[in-house]
Amino acid sequence: MVKAISSNLGYPRLGEKREWKRALEKFWNGTITEEELLAETKALRLHALKKQQEKGIDLIPVGDFSFYDQVLDTSVTFGIIPKRFQHEGGNVSLNTYFDIARGKNDAVASEMTKWFNTNYHYIVPELADANPKLLNNRALYYYEEAKKELGIEGKPVLVGPITYLKLGKGSNAESFEVLLDKFIPAYIEILEELETAGVEWVQIDEPYLATSFEKKEIALFEKVYQSFQEAVPNLKIELQTYFESLDYYEEVVNLPVAAIGIDFVHDHGDSLQALKTYGFPQDKYLAAGVIDGRNVWRSNLDAKLALLTDIAHYVAKDKLIVQPSNSLLHVPVTKLSEPDLDEVILGGLSFADQKLDEIVILTKALTEGVESVAKELEEARKAVKVLNESSHRNNLEVQAAIANLKNVRVDRELVFAERIKLQHAWLNLPLFPTTTIGSFPQSPEVRKTRADWLKGNITDAEYNAFIEKETARWIKIQEELDIDVLVHGEFERTDMVEYFGQKLAGFQATKFGWVQSYGSRAVRPPLIYGDVAFTEEITVKESVYAQSLTKRPVKGMLTAPVTIINWSFVRDDVPESVVANQVGLALRKEVEALERNGIKVIQVDEPALREGLPLKQARWEKYLNDAVYSFKLTTASVQNDTQIHTHMCYSDFDDIIDTISALDADVISIETSRSHGEIISTFEEVTYDKEIGLGVYDIHSPRVPTVTEIQDNIRRALRAIDAKQFWINPDCGLKTRQEPETIAALQDMIKATKEVRAEYQVLEK
């Protein structure tokens with residue numbers, strides 16, 4: 001019997017109940033030792049491997065585990081340690097590893113940014129003066145562990161050298177190939193050790209291949225993989241791409257490797273078309289990513305099987321590997337942890353474990369015939385049909401509103417230059433007004449009280465009284481700090497997207513649908529399963545209460561449509577732009593309710609706008625136009641003297657600055673401190689006419705910045721931005737920080753602001 005091969009590309013690290021997160025945080029807090037951390041994480045790792053083994057996955061990834069991030073792991077493997085961490089050679093300690101990611105008092109953390117167009121963050125390699133040496137072969141360690149403990153012949157996973165270097169900073173185009181030449185021998189050393197240990201397959205991830213780049217760069221891949229092939233001829237290398245199609249399909253599939261991994265889900269149909277046009281080398285394996293590794297909806301297995309049957313016309317079945325489109329890092333572990341979900345929605349879901357089941361079903365169908373999995377196919381067919389046809393998915397009123405969008409105003413009544421005068425008149429703020437981004441620390445008491453409320457251990461009245469008490473306490477703290485524009489603190493919210501999902505029709509929260517965002521930070525994206533509709537006021541009560549406590553303006557705080565889309569698991573049966581407009585119409589009603597109730601500064605956060613950009617620049621225009629439209633749909637109906645703010649996270653902005661301006665927000669705040677001034681250079685080169693706050697300190701590190709550091713950041717920004725346009729704020733929300741460090745950092749921020757403000761006022765006189 002000719003057998004197709006089942007494979008996985010990576011498995012979630014978090015654990016079914018976030019055990020990985022808790023272990024890390026216990027270690028950071030000093031409540032467990034390093035040995036205990038290693039033991040706890042090993043147990044989690046082996047449990048994940050055993051599940052994949054029991055499900056019948058043929059090629060099980062090893063080395064996809066990390067204590068923080070796989071890109072940081074690669075840096076540490078090769079000794080790419082920034083000098084400020086004073087590493088003196090040899091294996092990198094776990095404490096140094098975490099210091100690079102999180103910072104310490106005398107050394108700022110390395111920059112963190114989004115992994116391609118996902119909500120996962122990686123630690124950016126600092127490549128200046130890089131001199132790679134293999135310090136620790138993690139891939140070999142995890143391979144030997146899986147073999148010894150479980151008898152698994154695992155498939156080690158590496159971040160490929162070109163992708164790794166492209167993700168780094170501190171090198172330039174002229175020196176790239178010189179730098180690459182330094183890394184090739186270090187990678188070969190890893191591969192030689194793997195080959196010697198008896199490894200059959202190794203997966204080398206090169207998602208850079210799925211981006212847009214100049215064709216001449218293909219020569220770099222030819223050079224690297226030819227070097228690998230010559231050094232380890234007995235090792236089967238799977239060159240793995242994902243998140244998009246290949247611009248240079250014909251060249252990539254002819255690279256000197258044993259297998260090419262291609263995304264057949266997020267490729268807009270390009271991959272199958274390329275296969276039909278150019279064929280596929282008969283001596284290679286095609287690893288077909290046909291199960292969506294980035295969303296949670298059950299696959300239409302009939303359609304997937306038809307796709308694989310098409311592919312099998314060009315690739316022999318024994319050379320066909322069935323796998324997810326990308327690592328399952330981006331989805332929760334198992335839907336079996338969600339017994340309380342509505343059965344129609346639950347039936348339509350597929351988390352990591354269920355996706356592995358789907359892969360095994362499809363592989364068996366290819367090998368043994370459709371009849372061998374007839375029962376499983378029928379079950380999937382029925383579940384998808386029931387969800388698609390259910391009232392859960394279809395709201396006729398919402399569909400009518402979407403059809404009527406041409407009659408809805410999406411522009412502010414006055415242009416910015418006119419309405420900002422009206423806003424200044426009543427706000428009466430000083431030069432360099434100060435604010436924060438939205439959330440304040442959620443202490444153990446906040447989390448425990450919310451948990452008690454959710455369990456029914458305290459009444460609604462008791463919970464609301466606690467939230468009001470915490471809100472009042474932080475309004476007072478902000479006034480004592482002398483912050484100009486206040487926030488209510490968001491103590492009622494677990495997450496800036498999940499909270500809205502709990503209040504809007506068409507959303508469903510999960511209990512354990514957690515995915516890793518960065519480090520130990522996990523998010524629980526809501527499920528957008530149906531048409532989205534406004535059903536009740538979402539933020540009005542808390543905002544109005546906070547405003548009643550102070551004469552200073554308090555910002556209403558909402559999350560914008562594209563961020564809600566990008567940070568949710570969105571239904572896959574209608575275009576995302578339609579869902580974004582449904583969200584925009586619902587939030588428009590919330591914005592109007594805030595304004596009606598006296599909230600005249602409203603922040604509509606769009607932190608994920610750039611991360612959702614398609615990897616192919618040719619697809620940008622539609623995405624950005626859709627994003628601007630849904631944002632303006634949310635905000636355009638307010639009065640001219642109501643000030644609209646927005647906030648954006650880790651991003652490169654130089655190529656979307658026109659889009660940012662087109663959002664027509666009166667004030668934008670941007671996360672900038674970890675990029676060490678790179679974003680500021682964007683504003684040195686363009687004229688931005690609206691008001692702007694560039695984050696003056698990094699909130700992702702527990703380190704408290706000095707007044708001098710903050711002043712340096714302010715002054716650097718003021719070289720590019722007119723003082724009258726400039727706001728001062730932290731990089732991002734402060735929910736994950738501890739209270740003492742938060743207050744200390746804000747004190748430094750206000751002190752720094754007042755000193756710089758005084759300097760400018762003297763200059764003006």
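Even glycines carry a Cβ here, placed using N, Cα and C.
If you look up Swiss-Prot, you'll see HIS700 marked as active site, proton donor, on the strength of sequence analysis. Mapped onto three states, the DSSP output places HIS700 (active site, proton donor) in coil.
Residues annotated as 5-methyltetrahydropteroyltri-L-glutamate binding site in Swiss-Prot, with sequence analysis given as evidence: ARG18, GLU19, TRP20, LYS21, LYS114, TRP567, GLU611. Shown in sequence order, ARG13, LEU14, THR41, LEU44, SER520 are the residues of the chain, 6+ apart in sequence, with a C-beta less than 8 angstroms from the C-beta of TRP20 (5-methyltetrahydropteroyltri-L-glutamate binding site).
Annotated L-methionine binding site per Swiss-Prot: ILE437, GLY438, SER439, GLU490, ASP605, in sequence order. Look at GLU490 (L-methionine binding site): DSSP puts it in coil. Listed in sequence order, GLY438, SER439, PHE440, MET496, TYR499, MET557, GLY733, LYS735 are the same-chain residues at least 6 apart in sequence whose CB falls under 8 Å from the CB of GLU490 (L-methionine binding site).
Other Cβ atoms within 10 Å of the Cβ of GLY438 (L-methionine binding site), summed over all protein chains shown, number 25. Look at Swiss-Prot and you will find ILE437, GLY438, SER439, GLU490, ASP605 tagged as L-homocysteine binding site.
Among the features that Swiss-Prot reports, Zn(2+) binding site is placed at HIS647, CYS649, GLU671, CYS732, with the record citing sequence analysis. Other C-beta atoms found within 10 angstroms of the C-beta of GLU671 (Zn(2+) binding site) number 25, with every protein chain shown included. Under DSSP, GLU671 (Zn(2+) binding site) is assigned to coil, being neither helix nor strand in the three-state scheme.
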Fewest other C-beta atoms within 10 angstroms of its own C-beta: which of the binding-site residues ARG18, LYS114 fits that?
ARG18
Could you give the Cα-Cα distance between LYS21 (5-methyltetrahydropteroyltri-L-glutamate binding site) and CYS649 (Zn(2+) binding site), in whole Å?
23
Write out, in the order they occur in the sequence, the residues of the chain not among ILE437, GLY438, SER439, GLU490, ASP605 that have a C-beta within 8 Å of the mean position of the C-beta atoms of the recorded L-methionine site.
THR436, VAL487, MET496, MET557, GLN603, HIS647, CYS732, GLY733, LYS735
If you count, for each of the binding-site residues GLU19, ASP605, GLU611, the other Cβ atoms lying within 10 Å of its Cβ, which residue has the minimum?
GLU19
Please tell me which one of the binding-site residues listed here (GLU19, LYS114, TRP567, CYS649) sits closest to ASP605 (L-methionine binding site), measuring Cα to Cα?
CYS649
Pick from LYS21, HIS647, HIS700: which of these recorded positions has the biggest number of other Cβ atoms within 10 Å of its Cβ?
HIS647
In Å, how long is the longest CA to CA span across ILE437, GLY438, SER439, GLU490, ASP605, which the record gives as the L-homocysteine binders?
14
Hey, what's the Cβ neighbour count for ILE437 (L-methionine binding site) at 10 Å?
25
Should ILE437 (L-methionine binding site) be counted as helix, strand, or coil on the basis of DSSP?
coil
Specify the secondary structure state of ASP605 (L-methionine binding site) as given by DSSP, simplified to three classes.
strand
